[in-house]
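So the structure is just underneath, and the comments pick up after that.
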Amino acid sequence: MASNLLRFPLPPPSSLHIRPSKFLVNRCFPRLRRSRIRRHCSRPFFLVSNSVEISTQSFESTESSIESVKSITSDTPILLDVSGMMCGGCVARVKSVLMSDDRVASAVVNMLTETAAVKFKPEVEVTADTAESLAKRLTESGFEAKRRVSGMGVAENVKKWKEMVSKKEDLLVKSRNRVAFAWTLVALCCGSHTSHILHSLGIHIAHGGIWDLLHNSYVKGGLAVGALLGPGRELLFDGIKAFGKRSPNMNSLVGLGSMAAFSISLISLVNPELEWDASFFDEPVMLLGFVLLGRSLEERAKLQASTDMNELLSLISTQSRLVITSSDNNTPVDSVLSSDSICINVSVDDIRVGDSLLVLPGETFPVDGSVLAGRSVVDESMLTGESLPVFKEEGCSVSAGTINWDGPLRIKASSTGSNSTISKIVRMVEDAQGNAAPVQRLADAIAGPFVYTIMSLSAMTFAFWYYVGSHIFPDVLLNDIAGPDGDALALSLKLAVDVLVVSCPCALGLATPTAILIGTSLGAKRGYLIRGGDVLERLASIDCVALDKTGTLTEGRPVVSGVASLGYEEQEVLKMAAAVEKTATHPIAKAIVNEAESLNLKTPETRGQLTEPGFGTLAEIDGRFVAVGSLEWVSDRFLKKNDSSDMVKLESLLDHKLSNTSSTSRYSKTVVYVGREGEGIIGAIAISDCLRQDAEFTVARLQEKGIKTVLLSGDREGAVATVAKNVGIKSESTNYSLSPEKKFEFISNLQSSGHRVAMVGDGINDAPSLAQADVGIALKIEAQENAASNAASVILVRNKLSHVVDALSLAQATMSKVYQNLAWAIAYNVISIPIAAGVLLPQYDFAMTPSLSGGLMALSSIFVVSNSLLLQLHKSETSKNSL
C-alpha cells in the first residue's frame, strides 16, 4: 500500500495524520504544542482508519505561517516587486523613496528583475503592514509596487517569473509594432529630403505630386502629430507622469526634447508674423523613430539576458501525480501502481513530505524523494554535470528538476516545494541578483541627480547659443543645423534638444545589473551558486585560497583501513567508537559507523553525546565515558594517561595492519584514537580517504593564476603532509592539527597581512573560517545542505573542486564586463554631452541633430547589454583543460 495515513482538511489549511497507537495527545506533545493543537483544531475530527497519529509538521507550518504574517525578522530583507523603472534615474528614484523611510537601513533595486530588496534597522519591528506601506509609497511615486510574499509556493514563484517573462515578450511585440509605425513616418519625412539630395547629384526626379506634398509644412506637422500621439504616446505620457511625480526619467528627457521641437515649429507655423522660420517638424519624428528602435533592441537584449534563469526555471515541474492507494490493498509494495490506485493531478505546492507520487518517462521529478517502486534511468546532468544517465531502483534518491528517461517510478516525497534542491538553487540565484556589487554605488551616485543635471545643461545650452554663442561665433549660423536662413533660435533649440536626448542614464543603470544577472545565472547553470554581486566583486579580487583537507582535497568518503587495540578485541573497540560517533556528521565518523554496520556489529547504547567540532566526540557507555578523536584531545579527556611504551606498541600494531593492506600515494590516512574513562587510550582506527581526481589540477591552476594556496587541517602532520605533497602545496603553506578556532585565527592573520582570502571547506568545523574569509566556498557532498553551505557565499553544488577555479574565472570575467560597461557609460556621457551642446561647432563646424543624438543614446544602452551578453561565451577552466 502507498501509505497507511489519511489526510483530513482542517481550518486553517493544514493536515492531520492519525495512528491510534499514539492517540494520547498528552503523552505525545508538550504543553505548548497541545495548546497549539487545541487552538487550531476548532472542529471535531473522526477516526476512519485503524491508526492514529497527529503529525507535528502541519502545526509547525501553520504556526510559522501565522508568525510570518505577524512579524518578519529585521535582518531578513523583504522583497518588493516594482514595475515602471525605465532607466538608471528610475532606479535611483526608487532607492531614494525607500531610503527616505527612517525604518529602512539599506535598499537594493534591480531594474532587470523589477525587484527591490529592503533591509530594516535592528530596532524596527517589521510586519506585513510595514512592507505594504513601503509598496504604497513607491506606487504613489509613480512606480507600481507590491510585497512579494515570503514562503510562496514553488509553483507560484515559477508562475510569477514566467508571467514577467511573458509580459516582457508581449511588450517586445508591441515595441516592434511601434517601431514599424514610427519608421513608416520616418520614411515619409525623409521623402522631403530625398528630392534635394537627388537634385544635388544631378538626378532630376522625385519632384511634383506626392513629393511636393511632403515638403508642405502642414503635412510635416501632421506627421509629427502622428509620431507623438501614435508610437510615441506611451513614452510621452510616461515622461509627463514622471514629471508630475517629481521623478523625471529618460522618457521625460526624450518627451521634453520632442515637445520642445514640435511646439516651436507649431508656433512658427501658425504665427508667421514672428518670422522665426523654425520649421523642423521632422525632428520629433526622426528622434522618436531612433529612440523606439533602440528601446526595442534593448528590450530584446534584456530578455535574452534572462535566458539562463529561464532554463533553471524550466527544470521545475509545477504539476505532479499524487497516488492514492487503499489501506487494505494487498498489492506487493514493489508494484508501481495497484489495481485500485488513483492518480490525481495536483499542484506541486500541495504535495507534502511522505506523499506517494508517480513520475512517467520523459517527465521531470516535481520534488526530492526516494524511489518506492519501479526501475529507470534518470538524467541528473543539471545537478551533477554528469552527462550519463543514472540507474534508479527502490531505495535510490531522486532530485526535483532531474528527468526520468526510461520506466515509470513511484516515489516518496522527502522535501517539497521551496525546500527542494532545484528550488533552493533558483531562490539563491534570485537573492544573488538582488545583492548589488559595491561598484554599483558609483553608478547610483551618478544616476540619481542625472536627469535634473541634464535638464539644467540643456537650458544653459539654449541660453548660451541664443544669447551669446551666435554673436561670438556668427559662422555657426552657416551650419545646416541652423536651417537654410541661419536662424539662431533653430540652432539653439536643436542643440538644447541634442543635450536632452543624447544623454543616457539607461547605460549607467544597466551597466552592473546585466552583468551580475548573466554571471550569477551562468554560474548556477554550471553548478556554482554565487550569492550576489558583492560576492562576485570580492571573489574576482581573491589572491589567496585556503583549502581544508578532508572532504575538500579528498573525496570526503573515507573508509576504515585498520584497527589496533590495547587489551581489547579490535571489533570491541570498533563497536564502542561506532556507538559514540553514531550521531556525528563528520565523514570520518560516518566511515567508522559504516564499517561497524558492514561487519554487522551491534553497537551498545550511549548517553549524553557531545561533539566538539574539529576534535572529537564523547559519550557514556555502560556508565563510563568513551572518547573518539585526535590523540591530544582524547588524552585530555581522562585522568589516566598511557605510558609511552603503550603508545609505541599501539602505533606499531596499526602500522602492521596498514602494511598488509593495499594503498597508493593518492590515499590520505588519518588516525583517530579511542579512549575510555579509567583506562586512557584503548585503541586506534586508521581512516583512508582518496584524493579527488581534480585536486592536483585545481591547485596547479590556482598557482598559475598567481594565487597563493594554503592547506588548513585538523589532522595529524603525516596525513596532511602527504596530501600537500601530492597536490603540490608547499610545506611552508601546510598547516596541521588546527582547531576550528585556529583556522579562524589563521584566516584573520592572512587578511591582516593584506591578503584577500577565499576559504574552501565542506564540514561544520569549517563554518567559522568560511564566514570569516572574504569569500567562503563550500562543497555540497551528495547535495546535502549543512553548516558549511549556510556559512559560505559560494556553493559548489556538483561537488567538484575544480569549480573553485571556474567560479574565480567567471567572477573575474563578470567584473571585467561590469568595469567595461561603467567605463563605456561614463565615457559616452562625458564625451557625447559636450559634443551635443555644440563644443565642436565653432572650430570644426560639426553639430549633432536630435535624430542622431537619439540614435546614439539608444546605441549606448544596446552596447552595455550586448557586452554583458558576451559573458555567455565564457568558457570554464575545466572545459578548457579537461581532466
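Cβ atoms are placed via backbone N, Cα and C, with glycine included.
Just so it is clear, the model here is predicted, and its values are computed rather than measured.
Within the set 104-124, 209-229, 671-691, 797-817, the record from Swiss-Prot flags 209-229 under the feature transmembrane segment. The stretch that Swiss-Prot tags with transmembrane segment, taken from the ranges 573-593, 846-866, is 846-866. For ASP548 (active site, 4-aspartylphosphate intermediate), the count of additional Cβ atoms within 10 Å of its Cβ stands at 28 [all protein chains shown]. Within 10 Å of ASP548 (active site, 4-aspartylphosphate intermediate), counting C-alpha to C-alpha distances, fall the following of the binding-site residues CYS90, ASP762, ASP766, PRO768: ASP762, ASP766.
The CA atom of ASP762 (ATP binding site) is located 42 Å away from the CA atom of CYS87 (Cu cation binding site).
Between the C-alpha atoms of CYS90 (Cu cation binding site) and GLY761 (ATP binding site), the distance comes to 41 Å. Comparing the binding-site residues GLY761, PRO768 on other C-beta atoms within 10 angstroms of each C-beta gives the minimum for PRO768. Counting other CB atoms no more than 10 Å from each candidate's CB, the binding-site residues ASP762, ASP766 peak at ASP766. Taking the Cβ of CYS87 (Cu cation binding site) as centre and 10 Å as the limit, one finds 25 other Cβ atoms among all the protein chains shown.
Taking the C-alpha positions, the distance from PRO768 (ATP binding site) to CYS87 (Cu cation binding site) comes to 41 Å.
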